[in-house]
């Protein structure tokens, strides 16, 4: 019976070449769908297609209830197996859909797929309040995204206008969870209007928030603030294979640096720190990536940290599942489904919609009623998976049509099995005959339960024709095949044990005798692993010295080539093996188990286990270290004793730096070379010690009044030697004996300012600085001589006067101060009615006692004050002086009404300019007479409305006319260029000659 051929696959594919009839197998199943509420396409299509013969019919369920496709007013219709929802309605069509495919062999149910409606509303139209922040402080601008579905949004911010996007950096961060914009340290460049853009990738829509004004407030000096974490990643659950992003961002001045750690181990190899340290991205998450993660924000003023757990779970996945099959009538069969996942999946199976909650179905003595479609479902909170299969129970008389007894070759003195595999159901009874002799079980001949015939210690007498007989309650059949007996294969030259050094060449011999009617093949293996001569051709090669010779050449031998080599001589009938060992001598293997058993502030005692010496005694060990300051570079360590002998498994590493993280590795050497390094030891920190390095470049001086400023270059972190590192600053006047000491706790501090009302100005001080930590104080630096700050000016400038020069300029003057250490003057001015905070300032040298104020507003009253300053600060301000700028000149230019040439001069006339009430009166006119292309020339002042100007001797000239008032000059009229009198004379003469020449022919004609 050749009705059925079985093919097993994940989806349970079952093919029947004869009838081509089989149950439904899904080729396309519905998927989760998000339908945009604003979609112009008013339909949803849920796909479903199954391969089946006879063809499948389809039904659909919504939330486990069958959909009535013929109901009045139904929005549902079928297109093949696809479900089409016309004019989708959010109140009716949201839910979980599944497709049922049915034919005469049974029914299968698709995976469930949800339909949801996607939307992204507009931001609230309410005006956003301004955010006022002092420079140096942090700021948080809230996005407050509008209602939306699905939950996933991406966020960007624009500044002032689209498309000026905020580029996240160490100072600015946009959370992709809340959408908020975080600025760790605000400065004046951040002033502006900010808008949050929320985008939904699922429905391809973006919306903008109203602008949020950010107003940085000036503060001098700008204060510093410790790191303050404002974005903290929550406890997170990820699925195996997903990517996960953890966010941390801190406010602070200086801008904090964010560092990431995994509390219970190293950061996974699949991690990436992005967005200048503010995001930790984990790719393709696995179970071992779960644990507690920590982000730490650090700046020179302090640090902040946050921890949370990342839990890794998994979608259900089949470990074992049912597949389509064909089984004999009355046989036993078990269908089994096993699934992995976290949480552990719940498994249920069904047949004709009879569900069971076991992960397997057992059948004893199958009947035809057991045929049909079966389905297993595994589900946890992350999802559902399905496995479908068709079981066919059949019965037939034995037949050898597809699998007759074959001709078999056997080796003399060997063992042979002749198979008997008819197709039959129920299972038949078997018997055998040789030629005409019926066979039965003996010490050499056995009939197996599956019908196969086994013969031991084969001889030439066993050659002949063998027939297998099979019979059940449906009928019987037989099949005959021949047995031929061949000479057995024997090893004639076996490989021998060999000893070589790394890099040398060697060979392994192997030869065999065999039946000459058969082909022979030689196969080599190393420690049970077959050698691929093509893949490993760099080191292995077979000789071609006759078909019965299998010699193996080994080139450029390496340590990995050591082991037991086995030669297998193989024919189609039998095989035989012979083995030998190859010993490879080379550099030592890596030591193991490197660990620290004792430590001090400057040394550690290191212990390790010997690695393989690779058949050459170890002569010495080299110890290497890597510390937190070495940028991942391994360096040779100093040991005691200096030379570490080859029989040692312990040594002391000296000359280390106190309170420093170290890891160590060990490298072995013998006469054949240096081996690979060991794995690094666990990281340890040496013990603390008193600092020995003093700050350098101690100096200072200057500053504000009654201050002593002391500066230095900080000690590098590697020389802190312990926690709670800081500085002791000592100082005293030159003529005193007792030193005053002050502690500065910031290890990165570069200066200390001592303020006291009794510090005399410009007084000589001796200063020195030393480091300290929890263990004590180190040595002082060299003593330096500095001077205290001078006093700020004590007097205000007197007799301040100001005078308006025009509508946009004024001059200010004052009586100079007699203070000897004056660096200059500050002139401050602002419009009357404005706050002093909006004032402009001008710096003036101490050698001057006046200045000019420019770019003022016309006809506006200004308040002016003057004060002296030096390095100690500003003195008191003068009395306020008020000045009113002039009215502006007319903004209309004079209109040119005439241009006349008189001999060697030209007369230009213009209309009177009439000023308006808010403009200055006309005091006259200014005429600039300049060569074309230049900005300077001759300036004429006149009270008339015309002027005579001499024609220039050569070149082109331009005339500019403007009204003049006490508020300045008005708008300019430019007279088009005109020629010099010489050029005019030449042109006039040429015109006269041309005229005469033209008249002469005319007279001759007359």
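Each residue, glycine too, has its Cβ placed from N, Cα and C.
Predicted automatically and left uncurated, TrEMBL annotations should be read as such.
Per TrEMBL, the feature domain 'Ig-like' maps to 24-116 (among others).
Across the domain 'Ig-like' (121-208), the DSSP tally of helix, strand and coil residues reads 3 helix, 35 strand, 50 coil. Sequence annotations record features per position, and here TrEMBL assigns domain 'Ig-like' to 121-208 (among others).
Across the domain 'Ig-like' (226-311), the model assigns an average pLDDT of 93. Residues or ranges marked as domain 'Ig-like' by TrEMBL: 226-311 (among others).
The domain 'Ig-like' annotation in TrEMBL covers 316-392 (among others).
Look at TrEMBL and you will find 398-484 (among others) tagged as domain 'Ig-like'. Counting residues per DSSP class in helix, strand and coil order gives 3 helix, 46 strand, 38 coil for the domain 'Ig-like' (398-484).
Among the features that TrEMBL reports, domain 'Ig-like' is placed at 489-577 (among others).
What TrEMBL records for 590-689 (among others) is domain 'Fibronectin type-III'.
What TrEMBL records for 694-791 (among others) is domain 'Fibronectin type-III'. Note: the domain 'Fibronectin type-III' (694-791) comprises 3 helix, 49 strand, 46 coil (DSSP; helix = H, G, I, strand = E, B).
The annotation domain 'Fibronectin type-III' is assigned in TrEMBL to 796-888 (among others).
The domain 'Fibronectin type-III' annotation in TrEMBL covers 890-983 (among others).
Under DSSP, the residues of the domain 'Ig-like' (489-577) split into helix, strand and coil as follows: 3 helix, 40 strand, 46 coil. In terms of DSSP secondary structure, the domain 'Fibronectin type-III' (590-689) contains 0 helix, 50 strand, 50 coil. Residue counts for the domain 'Ig-like' (226-311) under DSSP, helix first, then strand, then coil, are 6 helix, 55 strand, 25 coil.
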